[in-house]
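One structure is given below, encoded as structure tokens.
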Amino acid sequence: MNRLIIVCLVAAMIYSTIALPMKEDISNDERPISVNEEPVKKNAAVAGAVIQGATLTFQVLDRILTVLGDISRKIAIGVDNESGRKWTAKNAYFFSGTSDVVLPYSVPNGKAFLYDGKKTRGPVATGAVGVLAYSMSDGNTLGILFSVPYDYNWYENWWNIKVYSGSKRANKWMYENLYYNASPHKGDNGWHEKSLGYGLKSRGYMASSGQTKLEIRVTRA
């Protein structure tokens with residue numbers, strides 16, 4: 001009788017092994033890709049990104065404006081670093097308006113950073129006006145002004161760029177210095193060049209509309 005029970009148990013074990021094969025554990029990383037499945041490509045040309053300087057175009061800035069949506073006052077900014085120095089973000093200061101984007105932190109030589117600004121949400125009479133500050137690897141600071149006003153009956157688009165000696169943060173003083181005292185450029189749909197000192201020069205373009213773009217290239221003099 002005992003031998004019969006043992007034989008039955010062995011037979012049951014063999015049957016269960018055949019009928020229930022071991023479950024295969026496939027993690028997400030090892031999951032086979034369907035022939036119709038394509039890898040997702042992330043578009044790096046968005047506000048807050050750092051891209052190759054040579055790929056900075058007006059089309060890139062136009063896409064940033066599109067992403068911002070239907071806002072009456074907005075700006076897409078692209079600044080190309082061909083200075084031979086590394087830039088490190090200090091801060092952004094807004095005299096008017098705001099941005100939801102973090103200022104790109106590290107901008108090596110040969111790269112360009114992308115940023116944006118917009119009027120404050122709601123029925124408020126504000127434009128997009130501010131200053132960006134970047135510390136350069138030579139110990140000096142690059143200040144960049146952008147000004148897109150709300151009321152074009154009284155104001156116009158302006159931009160500026162300047163190298164400050166030593167370490168400086170973007171603030172109201174820097175804004176007023178760049179806007180009133182440091183020969184700003186009008187946003188007039190034209191290119192403007194100037195010497196920045198410290199062995200550098202700039203060339204930039206700003207459109208004249210309320211939904212505008214600003215492209216600046218900083219190179220060795």
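Quick reminder: no glycine exception, Cβ is built from N, Cα and C everywhere.
Listed in sequence order, the same-chain residues six or more apart from Tyr180 (phosphocholine binding site) with CB atoms under 8 A from its CB number zero; the list is none. For Ser96, Val129, Ser147, Pro149, Tyr175, Tyr179, Tyr180, the entry in Swiss-Prot reads phosphocholine binding site.
Annotated region 'Trp-rich region, which is important for the binding to lipid membrane' per Swiss-Prot: 147-162, in sequence order.
What Swiss-Prot lists as signal peptide is 1-19.
What Swiss-Prot lists as site 'Important in the initial contact with the lipid membrane' is Tyr155. Sequence-distant contacts (6 or more apart, same chain, Cβ under 8 Å) of Tyr155 (site 'Important in the initial contact with the lipid membrane') comprise Gly127, Ser147, Pro149. Secondary structure at Tyr155 (site 'Important in the initial contact with the lipid membrane'), taken from DSSP and collapsed to helix, strand or coil, is coil.
Look at Ser202 (site 'Interacts with the lipid membrane'): DSSP puts it in a strand. Sequence annotations record features per position, and here Swiss-Prot assigns site 'Interacts with the lipid membrane' to Ser202 based on similarity to another entry.
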Phosphocholine site shell beyond Ser96, Val129, Ser147, Pro149, Tyr175, Tyr179, Tyr180, criterion: Cβ within 8 Å of Cβ centroid: Phe95, Gly127, Gly130, Leu145, Trp158
Rounded distance in angstrom between the Cα atoms of Ser96 (phosphocholine binding site) and Ser202 (site 'Interacts with the lipid membrane'): 25
Sparsest-packed among the binding-site residues, when each Cβ's other Cβ atoms within 10 Å are tallied, from Ser147, Pro149, Tyr179: Tyr179
Packing count at Tyr175 (phosphocholine binding site) (other Cβ atoms within 10 Å of its Cβ): 21
CB contacts for Ser96 (phosphocholine binding site) [other CB atoms within 10 A, all chains]: 20
Alpha-carbon spacing, Tyr179 (phosphocholine binding site) to Ser202 (site 'Interacts with the lipid membrane'), which is rounded to whole Å: 17
